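> Got a structure here, written out as structure tokens. Questions coming.
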Amino acid sequence: MRVMSTVTLTLFCAIICCSLTEKRSNVSSPNIIIMLMDDMGWGDLGVFGQPSKETPNLDAMAAQGMLLPNFYTANPLCSPSRAALLTGRLPVRNGFYTTNAHARNAYTPQEIVGGISKDEILIPQMLKKKGYVSKIVGKWHLGHRPQYLPLEKGFDEWFGAPDCHFGPYNSSIRPNIPVYNNSEMLGRYYEEFKIDRTSGESNLTQMYLLEGLDFILRQTEDQRPFFLYWAADATHAPVYASKRFLGKSQRARYGDAVMELDYSVGQILSLLRSLGIENNTFVFFTSDNGAALVSGPKESGSNGPFLCGKQTTFEGGMREPAIAWWPGHIKGGTVNFQLANVMDLFTTSLAVAGISPPDDRALDGLDLTPVLLNCPHTLQNRPIFYYRGNELMAVRLGQYKAHYWTWSNSWEEFKNGINFCPGQEVQGVTTHDQKEHTLQPIIFHLGRDPGEKFPISVLTKEYQDVLSRISPVVEQHKKTLVPGVPQLNMCDLAVMNWAPAGCEKLGKCLKVPKSEPWKCDWPH
């Protein structure tokens with residue numbers, strides 16, 4: 001009788017999930033908003049225990065939606081993680097990695113020659129099948145040359161920049177980064193778009209907020225389903241905030257930036273409610289990688305109890321804050337410990353829109369809608385792969401994480417003051433030489449040791465049992481992996497942002513130097 005009851009309950013839940021899907025297909029396709037922060041850590045939100053409690057809107061979002069404490073990025077650095085999100089594929093598959101050196105993080109500075117491959121399919125390209133209008137607001141970071149820009153990859157609108165807001169630069173040596181409206185530049189950072197490096201004042205987050213609100217309003221008025229990829233970058237060093245928020249946080253300038261982003265999230269969710277479309281809009285909030293502890297203490301966030309930060313494959317580098325919000329569909333106030341990954345947002349977004357994923361390529365992202373809608377089917381046994389460049393550094397399965405390689409950064413960098421694990425050195429774990437542990441992985445139980453400080457003894461039955469479960473997963477993954485052509489190997493000063501589209505109208509074109517390509521040097 002108990003078995004029959006369980007089966008009946010399972011069928012009942014499945015029927016509810018199916019009816020939700022059918023109900024969505026009878027009305028307009030659900031809108032989709034992905035909010036991707038930059039270098040924001042797991043421990044930066046009040047709902048995750050940040051003691052200053054300065055994120056009331058995000059905390060409310062979690063109370064009204066679902067908190068996912070075991071959510072990961074696909075790489076501990078900005079460009080590869082963004083490529084993974086938009087393609088649903090590991091960077092080693094989609095080409096956002098380098099083979100210039102072993103296990104090196106690579107990204108898209110403005111001297112990079114490559115960008116997102118023409119063979120990759122991005123979320124907005126898939127959503128066009130259902131008539132979605134797509135906009136990116138903020139940082140792109142998948143290549144700045146014309147063929148790689150957002151409007152060439154399925155987005156209909158763009159307001160933001162192709163690269164990080166580093167600078168200011170001497171334009172005769174290195175151009176400042178352009179800010180685009182759709183396919184043409186409007187100006188450059190530190191010139192038309194001010195960032196005061198002394199005070200930290202900039203209105204960029206307010207601009208990004210207004211662009212997002214305007215897009216939502218226009219598409220709602222036109223009754224068109226929309227995809228908004230809101231990629232604000234104020235928490236990436238050099239950190240900035242508008243005058244209204246500067247000096248407000250207990251956490252210095254970084255906290256000011258977080259408070260302004262939190263305010264912006266609140267404004268976006270408030271608009272959805274005022275327009276009456278909150279029940280037809282799926283919203284997901286997360287970050288591209290862990291907090292950049294190397295920028296601390298004034299310009300970096302918190303990774304909570306986790307080890308190290310950005311650039312590393314320890315938990316602090318790859319576990320991210322994550323909140324899913326969809327009133328009427330996702331039960332409020334829920335916490336789900338499902339292992340999930342930023343690549344799941346590709347497959348999940350397509351499922352929300354009622355679109356089948358492409359079947360001509362390997363996808364690493366899984367459909368999380370059964371988890372989000374609280375259906376009986378879960379993905380509990382899926383692994384999380386921790387890549388650094390071309391190397392699989394670690395694997396998580398259940399509560400256990402096995403390190404096959406360890407490395408924080410080189411001794412040379414460390415002695416020059418570059419420290420990805422300040423105050424967190426763990427002997428034999430946060431190594432400054434690349435250490436291979438393939439024959440005897442270092443294994444942690446992340447439930448009782450989230451800080452990865454106490455390796456399980458290789459002499460214990462627990463270690464042997466875990467190794468016997470993880471080893472076949474690693475073997476199968478490596479056996480079936482077909483790496484993509486690396487896009488981040490070559491650099492050339494001639495490809496920098498000297499003369500972006502639209503520079504003629506503004507009188508902002510700069511002289512392009514002679515092309516002299518070289519193999520990019522990725523130190524960590």
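Yeah, the Cβs are placed from backbone N, Cα and C, and that goes for glycine too.
Okay, so TrEMBL annotates it like this:
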ACT_SITE  Cys78  active site, nucleophile
ACT_SITE  His141  active site
BINDING   Asp38, Asp39, Cys78, Asp288, Asn289  Ca(2+) binding site
DOMAIN    30-355  domain 'Sulfatase N-terminal'
CARBOHYD  Asn203  N-linked glycosylation site
MOD_RES   Cys78  3-oxoalanine (Cys)
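Let's see these features in context: how buried, what's close, how far.
The Cβ of Cys78 (active site, nucleophile) has 27 other Cβ atoms within 10 Å, all protein chains considered.
Shown in sequence order, Cys78, Ser79, Arg82, Tyr107, Thr108, Pro162, Asp163, Cys164 are the residues of the chain, 6+ apart in sequence, with a C-beta less than 8 angstroms from the C-beta of His141 (active site).
In the structure as shown, the Cβ atom of Asp39 (Ca(2+) binding site) sits within 10 Å of 28 other Cβ atoms.
In this model, the domain 'Sulfatase N-terminal' (30-355) carries an average pLDDT of 98.
Neighbours of Asn203 (N-linked glycosylation site), defined as other CB atoms within 10 A of its CB across all chains, total 17.
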> An 8 Å radius from the center of the Asp38, Asp39, Cys78, Asp288, Asn289 Cβ atoms defines the neighbourhood of the Ca(2+) site; name the other residues of that chain inside it, in order.
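Once Asp38, Asp39, Cys78, Asp288, Asn289 are set aside, the remaining close residues are Met37, Met40, Leu77, Ser81, Asp233, His236, Ser287, Ala292, Lys310.
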> Asp38, Asp288: which of these binding-site residues has the highest Cβ count within 10 Å of its own Cβ?
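Buried the deepest by this measure is Asp288.
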> To the nearest Å, how far is the Cα of Asp288 (Ca(2+) binding site) from the Cα of Asn203 (N-linked glycosylation site)?
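Between the alpha carbons of Asp288 (Ca(2+) binding site) and Asn203 (N-linked glycosylation site) there are 22 Å.
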> Any same-chain residues 6+ apart from Asn289 (Ca(2+) binding site) with CB under 8 Å of its CB? Would you list them in sequence order, or say none?
Asp39, Thr73, Asn75, Pro76, Leu77, Cys78, Ser81, Lys310, Gly317, Met318, Glu320
> Between Asp38 (Ca(2+) binding site) and Asn203 (N-linked glycosylation site), how far is it from one CA atom to the other, in Å?
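Computed Cα spacing between Asp38 (Ca(2+) binding site) and Asn203 (N-linked glycosylation site) is 17 Å.
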